[in-house]
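Colleague: Just passing along the structure, written as structure tokens.
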């Protein structure tokens, strides 16, 4: 088994583990993003308190709504992204070699070309997998109140009304709900802000490179060596760059979640969105700029935990797989 295959399988396994552990945070974060009440109308509660509230009112299932399609969506997104990334990367490398033959460049793919390949791969991924994330958002934001709306009352003149508990809200229910509201096009709600979200890694990379150059320039001027940057500093620079990219693009994530969540909310037109621009204007008008950053603290915590768990579990799986393969090889060689 090649190292590439081992790393790929370990990455997939680590991604699933990280998602299972942090999924309650993702559910709460989506609910925070789709909360349409202004700050003045509703007292803000903390993430942990909101998680406990969900468990009390809806049980543990409430924190894991949409987990199955989310896991499927993660696998599909990774597969689609890396498939098209490799195709586009190969074409970029071929083009770079052709230009080298003509006396242009050194035959390597430049930074701009690399960012373009990543952005195009991300756009294809968004267009193909957006329906999955619409379903996941619906299931994450489906609350006990929504379930009660489906409750049936069976009564007669001489009998007390009997409340019939509705069946669980599953993937098929979410699909039917989206289709019933907007038809096939409903599965691509929020696709435009999601496409713009592809810029997140580019912004992160730009911030990282800018900060790194400043540190190296300062070190060079103080005679400490231009490359004297520690691993801890690299880690902190990456964290700061990710935080900056999240702050810049988080409003797009909020708009995407608003558009993908259930739109039929009573008769209040303030809470219903016709598109990206309409959502943006209504959030500004009725909630202020604070509305664009609802749940950002939860998102940052979840992102950090996902990254930490992902890298830790991945490395352990890779080590375990290599030890297993090395042990088998040793046994085979003694026979």
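Positions of Cβ are set from backbone N, Cα and C atoms, glycine also.
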Colleague: Scan 69-88, 89-108, 109-128 against TrEMBL and say which stretch is down as transmembrane segment.
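Modeller: Transmembrane segment, as annotated by TrEMBL, spans 109-128.
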Colleague: I'm validating the feature mapping. Which of 154-178, 229-253, 254-278, 279-303 is tagged transmembrane segment in TrEMBL?
Modeller: 229-253
Colleague: For the transmembrane segment (109-128), which recorded stretch in the set 6-26, 187-208, 229-253 gives the largest number of Cβ pairs separated by under 8 Å?
Modeller: 187-208
Colleague: For the transmembrane segment (6-26), give me same-chain residues lying six or more residues beyond its boundaries with a C-beta closer than 8 angstroms to one of its C-beta atoms, as numbers and ranges.
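Modeller: For the transmembrane segment (6-26), the far contacts come to 47, 51, 63-64, 67, 70-71, 74-75, 78, 140, 298, 301-302, 305-306, 309-314, 317-318, 321-322.
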Colleague: Please count the residues of the repeat 'Solcar' (2-91) that DSSP assigns to helix (H, G, I), strand (E, B) and coil.
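Modeller: Computed counts for the repeat 'Solcar' (2-91) are 73 helix, 0 strand, 17 coil.
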Colleague: For the repeat 'Solcar' (229-320), what are the DSSP-based totals of helix, strand and coil residues?
Modeller: 75 helix, 0 strand, 17 coil
